[in-house]
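Visitor: So TrEMBL lists the following for this protein:
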ACT_SITE  GLU436  active site, proton acceptor
BINDING   THR153, GLY192  FAD binding site
DOMAIN    22-147  domain 'Acyl-coenzyme A oxidase N-terminal'
DOMAIN    290-451  domain 'Acyl-CoA oxidase C-alpha1'
DOMAIN    486-667  domain 'Acyl-CoA oxidase C-terminal'
Amino acid sequence: MVLKKYNINPDLALERQKCTFDIEEIINIFDGGKEKTSQRRKIEDVVLKSGLCHDDVPEECMSLKERYENAVRKSCFFSKLMKTELQEITGIEDFETPAIRRIADALFKDISPFLLHLGMFVPTIIGQCTSEQLMIWLPKALDLQIIGGYAQTELGHGTFIRGLETTATYDADTEEFVLHTPTLTAHKWWAGGLGKTINHCIVVAQLYTKGVCYGTHLFMVQIRDLDTHMPLPGIKVGEIGPRMGFSSADNGFLGFNNFRIPRNNMLMKHAQVQKDGTYVKPARHGKLTYQTMVFVRVTLVNEAAFNLSKAVTIAVRYSAVRRQSEMRPNEPEPQILDYPTQQHKLFIGIATAHAFQLTANWLWNTFKSVLSDMKKGDVGTLPELHALSSCLKAVCTSDAALLIEQCRYACGGHGYMLSSNLPYIYSFVAATRTYEGDYTILLLQTARFLVKAWEQAEAGKTVTPTVSYISRSLKGEKNSWRSTDEGIIKSFQAVAAGKIALCVKSIRDRMKSGLDYEDAWLLTTVQLVDAAEAHCRSVILETYCNEVRRLTKSSSDNVKIVMHQLVTLYLSYWTLQRTGDLLRYSSISEKDIDFMQRQYEELLQHIRPNAVALVDAFDLRDEILHSSLGAYDGRVYERLMEQAENNPMNAEPVNQSFHKYIKPLLQGKL
Ligand SMILES: CCCCCCCCCC/C=C\CCC/C=C/C(=O)SCCNC(=O)CCNC(=O)[C@H](O)C(C)(C)COP(=O)(O)OP(=O)(O)OC[C@H]1O[C@@H](n2cnc3c(N)ncnc32)[C@H](O)[C@@H]1OP(=O)(O)O
Ligand SMILES: Cc1cc2nc3c(=O)[nH]c(=O)nc-3n(C[C@H](O)[C@H](O)[C@H](O)COP(=O)(O)OP(=O)(O)OC[C@H]3O[C@@H](n4cnc5c(N)ncnc54)[C@H](O)[C@@H]3O)c2cc1C
């Protein structure tokens, strides 16, 4: 759609005049510097001028088939643009992924069918191939001569990877693997792009050689003819059917009937099968084939932040424009943003988007540093990365989904319109809580790490920095509540330590009463999930505070003030959300809680004048927001009417169903 130009809504114009800080300064902080902001904007300009974002009919009014075909068209032209014009016009050689990621949303209200190609296929090639394999597949994948996906989940198993049923049996005579789908439940299910788009995919299968099963390994499999795109003989492939979201991502199913691939198509960076069928196991760590999942979990924290920032921008701008009810008799109707309950719904969204974005950047740097350790042969930091990426993926995607839904509530009935874009944003983020490891499952992975860390600390061993609070707790350090940033973080760490201690005790008590470790663990899993979530909260709180302090060192005073107001709001919000835990595990008193409540309510008032400016500082162009409620000019009612008028349902004054059914019904002739 072409966005009509309107004058700025007067309420929104007034809001912007109230701003106390330099918006550009905050934009630069989140982009990683002035230079990066300017690069990102250049990239956005190129894509927006390309005409690629235009749809003749609103996406939501297209059929599923039309949406898919439209998304393929755009994905192809966007890929071409990335390879050619973007590089030439901007002169930026090393594309910054966040900038490409952001502008991709101007093209796709839903999901690109190429998402898995960039999101998992290419990263798996990079992380799992030998250098010879890399030379064969990486250039082709980057140049889009082959398009791929990642088929791990099956109809019967997603979480439990060791339970996957697809087999890859080595035939030493022909030096090939035979891929087979032995049962209904062994069919690959869900892989993005698999249904109709991709011609290659990474397949996760149980490796058999010399009659022995060595567990799941990764294989590069061509599934379609490169010229005709027909499925190759022995391949059964298709789309799994309509879903809550991901409508244009053609998630697919895949079955193999004794389908043969060359030996060299097993990705052999970590484990190998030699020509004679001898298996060489990974030298360093048994879970290195899970690396792509860790990578995606890390990027999903960024997704949570980005999508939440879109939702809260829409809801805050709408709330500044929308007037409803009365605060006092005979006074004009206030902007709904003036209601403290509305501020309570929304300002935590702004603070959370900041907290998650800074945590995502920190986690990304941690990921890079672990990769560099691993290149040197040191896998010692991998368990902590796995524990961190697991809990942060779980908690950030889950919180973001809840807060995005809260943004929709904040927009009343209009938030329910697809043209608000809030339902799309929600359905995308809701899926992130499940895929790449379900919420509960990932928190249980973190819990394993925490219980081990507890046992290590108990044995007097040093533990890694993110769990050093466990050692302090074991030394008997008592928590004394202080309502400062540091004091609150320490108390949240005391909560996490207290919960881990109880889990360890529960497991031990249950074992003393005769249960084996597995049963004792299983019966404690409700507490273990809770302990891992508490640990994660303490990590986010600490990272957010540290990063804001670090990044605003040379900022202007006003930026420091507003960024710190958000940090304090976040800390107060979580303190009030977790008073039960804090009363149990820290020395917080009722008086302290009263103080925190008052502080929280005062902060809502302090942040109120800057609310619109704070969402403007996410610097999200209208084309990325795709929202009738959230455009920069605040012309909400004009856009709602525009989208109603453009609705294909209104193209004819009388629908044919009147003549076919209603009229005969009215006349008693049906
Ligand atoms: C043009 C547009 C561009 C836009 C770009 C936008 C980017 C957006 C990002 C989105 C990108 C892609 C979209 C993705 C779509 C979705 C894809 C998928 O969902 S793929 C499938 C994902 N599946 C899962 O995540 C499955 C979850 N299950 C598991 O991970 C495992 O089964 C697990 C961990 C639950 C259990 O595994 P297993 O049974 O093998 O292990 P154990 O439990 O016995 O543990 C043994 C031991 O290993 C440790 N461990 C486990 N996993 C790991 C790991 N990954 N790394 C390191 N260590 C690991 C575990 O902790 C145990 O340790 P121990 O010391 O013994 O306790
Ligand atoms: C939009 C979308 C896109 C996807 N894309 C891909 C893709 O491209 N490639 C791919 O391979 N997969 C993909 N998936 C699949 C996804 O990774 C799995 O759905 C996900 O890992 C969850 O696994 P599951 O569906 O088997 O759930 P299940 O494991 O069956 O989970 C169901 C419930 O059981 C609980 N549960 C399961 N095991 C345990 C346990 N041990 N302890 C306690 N509770 C348990 C879970 O917490 C959950 O509440 C996609 C999924 C979606 C929704």
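Including glycine, each Cβ sits where the backbone N, Cα and C put it.
How buried are the listed features, and what sits near them?
Guide: Residue environment of GLU436 (active site, proton acceptor) contains 24 other Cβ atoms, counted within 10 Å of its Cβ in all protein chains. DSSP assigns GLU436 (active site, proton acceptor) to coil in the three-state reduction, outside any helix or strand.
Within its own chain, GLY192 (FAD binding site) has ILE111, PRO113, LEU115, LEU116, GLY119, GLY149, TYR150, PHE246, ALA249, ASP250, ASN251 as residues 6 or more apart in sequence whose C-beta sits under 8 angstroms from its own.
If you take every residue in the domain 'Acyl-CoA oxidase C-terminal' (486-667) and average the pLDDT, you get 97.
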Visitor: Whole-number Å only: compute the distance from the Cα of GLU436 (active site, proton acceptor) to the Cα of THR153 (FAD binding site).
Guide: 10
Visitor: How many other Cβ atoms sit within 10 Å of the Cβ of THR153 (FAD binding site)?
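Guide: Result for THR153 (FAD binding site): 18 other Cβ atoms within 10 Å.
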